[in-house]
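Novice: In case it's useful when we look at the structure, here is the feature table from TrEMBL:
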- 475-486: compositional bias 'Polar residues' (COMPBIAS)
- 487-508: compositional bias 'Low complexity' (COMPBIAS)
- 556-566: compositional bias 'Polar residues' (COMPBIAS)
- 593-602: compositional bias 'Basic residues' (COMPBIAS)
- 727-920: domain 'Protein HIRA-like C-terminal' (DOMAIN)
- 402-427: region 'Disordered' (REGION)
- 466-508: region 'Disordered' (REGION)
- 528-607: region 'Disordered' (REGION)
- 66-98: repeat 'WD' (REPEAT)
- 125-157: repeat 'WD' (REPEAT)
- 168-209: repeat 'WD' (REPEAT)
Amino acid sequence: MRLLKPEWVSHEGKPIFSIDIHPDESRVATGGQGDDCGKVVVWNMAPIRDEKEEADENVPRVLCQMDNHLACVNCVRWSQNGKYLASGGDDKLVMIWQTSRGFGSGKSFGSNVTIVEQWRPVATLRGHTGDVLDLAWSPQDVWLASCSVDNTIVIWNAVKFPEQVASLKGHSGLVKGVTWDPVGKYLASQSDDKSLRVWRTSDWKEEKSITSCFAECGGTTHVLRLNWSPDGNHIVSAHAMNNAGPTAQIVERNGWGTSLDFVGHRKAITVVRFNPKILSKQMKKSSEKNQQYSCCAIGSKDRSLSIWLTALKRPLVVLHDMFEKSILDISWGSTGLELMCCSIDGSVAYLGFDENEIGVPMPKEDQQAFLEKIYGKSVLTSKMASAANQIIDVMSTPSKTQSSLLSANGDTPFKPRDKQIETRTADGRRRITPIFLAPQPDLGDPGVPAPFTTKSIAFRSSKEGSKIVIERQNRVTQPGCSTLSNSSQSQSQSQASPPQPPASVGAAVSTAAGSVLATTASNGTELKTPVVEAAGTAPITPLDTPMEVDTPTAKPITSTPLSRQESQLEKDKEKQKEPERDKDRPKHAALGLKKRHGRGRPRKADKEAREALMTAALSLTIPVSTERETARPVVTSQNLQLPVPSIEKTATKSIEGQAGGDSSLTVEVENGVAAGSGQLHRCRCVRAGTVLWEQLLTSRILTLAGSRQATCVACEDKTVTVFNTGGRRVWPPLLMASQASVLKCTGQYVMVITSHGYLYVWNITSGQVIVQNQSLAAIMSGTDRIVSSTLTSEGVCLITISSGKSYSFAPEVGCWMVVSDRDDRLQMCSDHHRCVPPKVRASGPLAAVQGGSRPNQASRMFQSDASMQQTSTVSHLENQVAASLALKSASEYRFWLETYLRYLAQEGLEEKLRAVCDDLLGPMYSRSTGSAGQGTSWQPSVLGLNKREFLRRILPTIGTNLRWQRLYTEYQEQLDTLALNT
C-alpha cells in the first residue's frame with residue numbers, strides 16, 4: 001500500500017468538504033470553501049499518484065476551478081459515465097457541470113488560476129430551501145438524488161434537467177446522506193432525526209425506517225454519508241451507537257436487520273464508502289477456492305481511516321493521525337485499487353493498493369451478470385434501453401448529424417479569408433488587410449470527456465502549416481483607405497478552396513511555432529520557409545517558458561495594443577538601438593544597400609533593393625542546428641504583464657455570512673445597464689435581500705472586493721473606486737498606470753496589483769498610502785506567475801509566486817522580504833518538532849503560505865554532523881520568529897517565539913537563551929533615571945503581547961530542566977522585583 005499526502009492539493013488552507021475520483025481515474029474533483037464563495041476544483045490525478053509527473057513542470061496540476069457557487073460547496077459527485085459533475089452547497093443550489101467543446105484557456109472572475117479544461121454549468125437545480133449536504137447518482141445516471149437541511153430529498157431527472165421526479169418528505173431532521181442500491185431499486189438516506197430510511201424507486205414511498213441503533217446518537221457530525229455495498233446485500237450507515245460507543249451499523253437487505261456493525265473508532269463515523277468492485281481472494285490456506293467479498297472504507301471524527309474486508313473479522317488496515325481534523329469524504333477509483341479522502345483541515349490523502357493486498361476486482365461484465373442473477377434485470381436498464389438505441393443510431397450517422405446541425409443553424413457560415421493584402425502608405429508604412437476569423441459552428445453535445453493525459457497538452461509540430469498568404473502590391477495607399485475592394489480576386493479564390501478542419505486545442509499555439517509562411521511576390525511565385533528562419537519575424541513565445549538565446553535575435557510579435565505612452569517608449573528604445581544597427585551597415589552594403597535616408601518617402605531604388613535583399617535572404621535561408629543556451633529572462637517593470645480578470649455581465653461577492661441568509665452581506669455588480677442612449681455600470685450592497693446602497697460607474701467593472709469597512713471595484717479604464725460602509729466614495733476614482741490584476745480588501749485596508757506589476761496598499765480609515773507604486777519585478781522572473789495574494793487584517797501584503805516563494809513588502813525598511821520558500825532547506829530540515837507540544841500547531845498567514853509542517857528530514861540529512869543539524873534548526877526558528885513579526889501575526893509570533901525558547905533550552909544554548917530572556921525582561925530601572933541604550937529603546941509589548949507576562953509564563957517550562965534551575969530562579973526573582981516596584 002502507498003500512502004501519499006500531496007500538499008499542493010488544497011483550497012489555500014480552507015476546508016475541503018468533498019472529494020470524488022472521475023470514472024476514468026485521470027481526474028479528481030474537490031469541493032469546499034473558497035474566497036467568500038464555494039469552490040470546485042478539478043485536479044489532474046497523474047501528479048498525485050506519480051512522483052515523476054509531479055516534478056514535471058509541464059504537467060498541469062489544476063485542470064479547472066469553478067467559483068460559481070455563492071457559498072461553501074458541501075458535495076461533488078461525478079456521474080457514472082463521467083460526463084457530468086454535480087455539486088451542491090450552502091447556497092441551496094445543485095449545479096451540473098459539463099466539458100465545453102469550444103476550449104480556450106482563461107481565468108474565472110477575479111481569479112489568477114490558469115485552467116486547462118473548460119467545465120461549464122449546463123443546469124442549475126433549484127428545489128431546496130436549505131443547504132445541500134449530499135448528492136448521489138443512480139446506477140445508470142437516470143436520476144440524481146440530493147439531500148438538504150430542509151429535511152427533504154429531491155430526485156432529479158438526470159436525462160432532462162432541471163425536471164424534478166419526486167420530493168421525499170419523511171425525515172424530521174437534517175438529511176445528511178443519500179445512497180442508491182447497485183440495481184436502482186432502493187434509495188437510502190440518513191438524518192439527524194436518528195433514523196435511516198429506505199425508499200422504493202417504483203413509487204417513491206418509504207420502505208423501512210430504522211431507528212433502534214441511532215437512539216443514542218447526537219447531531220455532532222457535519223455529514224452522515226452512508227453507502228450501499230456493491231453486491232447490494234448491505235447498507236453501512238454513518239454515525240450509530242452500540243453500548244455508548246460509536247459504530248458503523250450494517251443493515252441487511254433481507255429483512256432490514258441490524259445485528260452487525262463495524263466497531264473500533266473512538267468518535268462518531270462521518271463517512272462510509274464501499275469499493276465499487278466485488279473482490280475475490282484465497283482467504284484460507286486450507287482452501288484453494290477464492291472467496292468473494294466487499295471492501296469498505298470508514299472515516300471518523302477521530303481523524304482515522306479504517307479499511308475493512310467483509311471476509312475478515314478485523315480491519316485490514318487502520319491509519320491514525322493522517323489529518324488534523326475529522327475526515328469528511330472518501331472516494332474509490334473505478335478500478336478499485338485507488339482511494340482518496342479529504343478532511344476539514346483542508347488537505348487530502350491518496351492510498352494505492354495492489355491485488356495482493358485487497359484482492360482481485362471482478363470484471364465489470366461479470367459483476368453486472370452477478371447482480372442480474374441475484375436481482376434480475378435492473379429497473380433502470382429497461383428505461384435506458386430506448387435511449388441507448390437512439391444513441392447508437394446517432395453515432396452510426398455522424399456526418400448526417402453534423403449536416404443537420406449546420407442546416408438547422410442556417411446557411412453555411414462565411415468562409416474566412418486566407419490571403420492578406422499588403423500595401424504601403426505615402427510615408428513608407430505597411431498596411432495589411434485584417435483577416436476575418438469565422439466562428440466554428442456548435443456541433444452539439446461534447447459527450448463524455450476523454451481521459452486527461454500529458455499528451456493532451458503536448459505541443460504538436462506535425463500539423464498542417466498555415467494557409468494564410470501575404471500578397472504584396474506595389475501601390476501607394478492613402479491612410480484610412482480600405483483595401484478590401486482591391487482583393488475581390490483573392491476573396492473569390494479563398495471561397496473556391498475547400499474548408500479547412502478546425503484546429504485542435506493543443507495545436508493552437510504549436511501551429512504558430514511550426515507553421516509555414518507563404519509569401520507571394522508580385523510575379524506570383526510562392527516562397528515557403530519556416531517562420532523561425534524568416535528575417536524580421538519570430539514565433540510568439542509564451543511568457544511562462546524560458547527564452548532561447550540565439551543569433552540573430554528577432555523582435556517578438558505581440559498582439560497587445562499599446563497606449564500612447566507605451567508606444568512612445570517603444571520609439572525611444574528604437575532610437576537608442578540605431579547606433580548598434582549602424583555597426584552592421586558595411587555587411588549589408590556589400591549586398592547593394594545604400595546609406596539610409598531621413599524620414600519621408602523612400603526612394604524607389606532603395607525600396608526595390610530592400611525587397612530584393614529580403615527575397616534573397618528568404619530563398620537562401622538554410623535551417624542550421626545550433627546549440628542554444630536556455631536563459632532565465634530578466635523581468636523589468638516595462639515588460640511584466642500579469643493577467644487581467646475577464647469582464648462578466650454580473651458578479652456577486654459575499655462579504656459577511658452565508659449568501660441568501662438572514663444576515664448575509666453581499667456586493668453585486670452588473671455591467672451594461674441601459675441608460676438612455678448609452679450604458680452605465682451598477683455596483684450595490686445588499687443585506688438579506690435589502691439594498692443598502694447603490695452606485696453607478698461610467699466604465700465596465702473588471703473585479704470587486706469588499707469587507708465590513710469598505711467596498712472597492714476596479715474598472716476597465718484603469719481606475720479603482722473605494723466606497724465606505726454607507727456607500728459613499730472615499731476618494732475620487734484612483735487612476736492606475738494599467739488595469740488591475742489583483743484586488744483585495746480586508747478590514748480598512750485595500751490592496752491593488754496592476755497588470756504591469758505595481759503594488760499599492762491604502763488605509764481608508766486614515767486616508768493614507770501604506771505601500772506606493774512598488775514593482776513586483778524584484779520578486780518575479782519571466783517564468784513566474786502569482787499563485788496567491790493575501791492582505792492580512794493588519795494591512796500586510798503577502799504574495800506567493802509559482803516558484804514556491806512568498807514575499808511581503810515592508811514599508812519600514814522599503815524593500816521586499818522573503819517570508820517563505822517551498823524549497824528552503826532550513827525549513828525542510830528543521831528538527832524543532834521534538835520540542836513542540838502535541839496537538840499544538842501554528843495558524844495564521846505564515847502557516848497558510850507554508851502549507852503546514854513538512855516531513856522531518858533533519859535527522860536523515862545531518863546524521864554525521866550534529867552541530868550542523870542544531871544550527872540549521874536555530875536558523876529556521878529565528879526565520880520563523882522574524883517572519884511572524886514582519887507579517888504582524890500575533891498568534892504565530894507567540895507560537896514560534898515559545899518554540900524557539902523551548903529548543904534553546906533543550907539544546908543548552910545558554911547565550912542565545914539569555915539574550916531572548918533579557919529582551920523580554922527589559923530594563924530593571926525606569927526610563928527617567930536610565931541612561932541611553934536599552935532603557936530608551938525597549939518596548940514593553942510587541943504585537944499586543946506583554947513581554948514580561950510572556951516570560952513569566954514560559955519560565956516554568958524552561959525550569960523543568962535541571963540545567964536551567966539557576967537561570968529560572970534568576971529571572972523569576974527579577975520579575976517579582978519589577979512586580980513590587982510597579
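Just so it is clear, glycine is given a Cβ too, placed from its N, Cα and C backbone atoms.
All annotation found in TrEMBL is predicted automatically rather than curated by experts.
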Novice: Apart from its near flanks, which chain residues at least 6 from the ends of the repeat 'WD' (66-98) lie with a Cβ under 8 angstroms of it?
Specialist: 15, 17-24, 29-35, 37-42, 108-111, 119-137, 139-141, 144, 146, 148, 156, 158, 161, 223, 329, 446-449, 652, 654, 658-660, 666
Novice: Could you put numbers on the helix, strand and coil content of the repeat 'WD' (66-98), residue by residue per DSSP?
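Specialist: Helix/strand/coil tally for the repeat 'WD' (66-98): 0 helix, 18 strand, 15 coil.
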Novice: What does the DSSP secondary structure composition of the repeat 'WD' (125-157) look like, as residue counts for helix, strand and coil?
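Specialist: Across the repeat 'WD' (125-157), the residues distribute as 0 helix, 20 strand, 13 coil.
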Novice: Do you know the DSSP helix, strand and coil residue counts for the repeat 'WD' (168-209)?
Specialist: 0 helix, 24 strand, 18 coil
Novice: For the repeat 'WD' (125-157), report the average pLDDT of the model, please.
Specialist: 94
